[in-house]
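Asker: This is the structure, below, for whatever I ask next.
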Amino acid sequence: MHLSSLLVALGVCGALGAPLEQQQPLAGSERHHAGPRKVVDPYNPGTSDPFDKKIDSQGDELQPLPYRNGDGASVLGPRNRGRERQNPDLVRPPSTDHGAIPNMRWSFADSHIRIEEGGWTRETTVRELGTSKELAGVNMRLEEGVIRELHWHKEAEWAYVLEGKVRITALDTEGGSFVDDLEKGDLWYFPSGHPHSLQGLSPNGTEFLLVFDDGNFSEDSTFLLTDWMRLTPKSVLSENFRVAPEVFKAIPEKEKYIFQGSSPDSIEKEIPSGSKGYKKSKLQFTHKMLAQEPVNTTGGQVRITDSTNFPISKTVAAAHLNIQPGAIREMHWHPNADEWSFFIKGRARVTIFAAKGTARTFDFQAGDVGIVPRNMGHFIENLSDEEDVEVLEIFRADKFQDFSLFQWLGETPARLVKEHLFANSPKEAEAFEKAIRDAERDPIKDTELGDEENKIEL
């Protein structure tokens, strides 16, 4: 079955003027942590790592250096040590990385912040991340009572509430009104051209991730109420709204965009109450994603929201993943859309297989955006032994789709698989065949689980 149906510290290590080798943890030394795990510093010429094991350079307080299995050298020139610790697999890539793949990672921490009254906003679009072609993201914060003014977009808008509470309003094409209060883990979706507004609620306002179904999106291209009103002749406004033109001398002289408003009352007291009564929209613009029953796996939980359970969301599908320590989002690919990932918590590495003999590994942490173009194979591995990775996988598609490498091989005749991978290695072929025999889907795998009988000594 398919899955869809189931700051970083910038301090300098070591004393100023000390030799570079002395500025790293002791070569070959082992660190003992609170848990049972031993950490061997891999960043020295004498360390051998033939299997390219994961390295949590931040959690283990290691300073990456470009040494790998006896090759490489120290760094003599200028360095950004904090960035190196955030991206250990760029400093010391796995030996399996090969060829040229464009950058697939961006951090919202590197995006320009537009600061407004009681809030701010920042973007990750194709301008910041050239591979973000299908989707664009906006991270926005609104204090209590602060309003993102009435507006609409050319693009459809999908959103995930990261923290706090927010009130949304919207109008459908039949004149139906929609008002709802949302909290952490909830979604909204506004189709292209549908007017709406957002407001932070008590006690601390809100912060959310907006996703638009075009990588070229810009918040500066939004259709704003105040902008249109001030750019329309007052005589026309008078004719349209049937009030004296002098009334419109009071409208703002510039766009409001984000501004401090009054605290809203209950929805029941705020909905329009004209002579014909309140016309409620027949459309459901919101959805409680984290309230969904999750798919429980051996290494975490998965929740999928697309047009099958959130019908209005015709152009954006998403999965919410919790990847536990010691677990991995299995090797897979998506046939119908690029993956646009947003990391909410934890630290992870992702290797992207791009065909043509190319592969590249990227590291991610909270606030980062990752791109995986459609059909490119990849995984998400939790680097930490203590903290979950929480990540959104988002797609410009009406339905979530993926293929599991494990399931594909398990559902393929064993003879074919063995002759592809282990033609001259019968012992290894037997162990692999046994591992994939049942082909039971496990999208987030606990990597410490496994059949002891399948482990072989080489």
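Glycine is no exception: its Cβ is also placed from the backbone N, Cα and C atoms.
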Asker: Could you tell me which of the ranges 251-276, 433-458 is annotated in TrEMBL as region 'Disordered'?
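Answerer: Checking TrEMBL against the ranges 251-276, 433-458, the region 'Disordered' one is 433-458.
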Asker: Report, as a single number, how many Cβ atoms besides its own are within 10 Å of the Cβ of E339 (Mn(2+) 2 binding site).
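Answerer: By my count, 25.
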Asker: Binding-site residues H153, H196, H334, H378: which have a Cα within 10 Å of E393 (active site, proton donor)?
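Answerer: So far as Cα distances go, none of the binding-site residues lies within 10 Å of E393 (active site, proton donor).
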Asker: List the residues in the vicinity of the Mn(2+) 1 site, defined as same-chain residues other than H151, H153, E157, H196 with C-beta within 8 angstroms of the site's C-beta centre.
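Answerer: The surrounding set, listed in chain order, is W152, F190, H194, P195, T222, F223.
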Asker: Quick one: of the binding-site residues H332, H334, E339, H378, which has its CA closest to the CA of H153 (Mn(2+) 1 binding site)?
Answerer: E339
Asker: Counting across all protein chains shown, how many other Cβ atoms sit within 10 Å of the Cβ of H196 (Mn(2+) 1 binding site)?
Answerer: 18
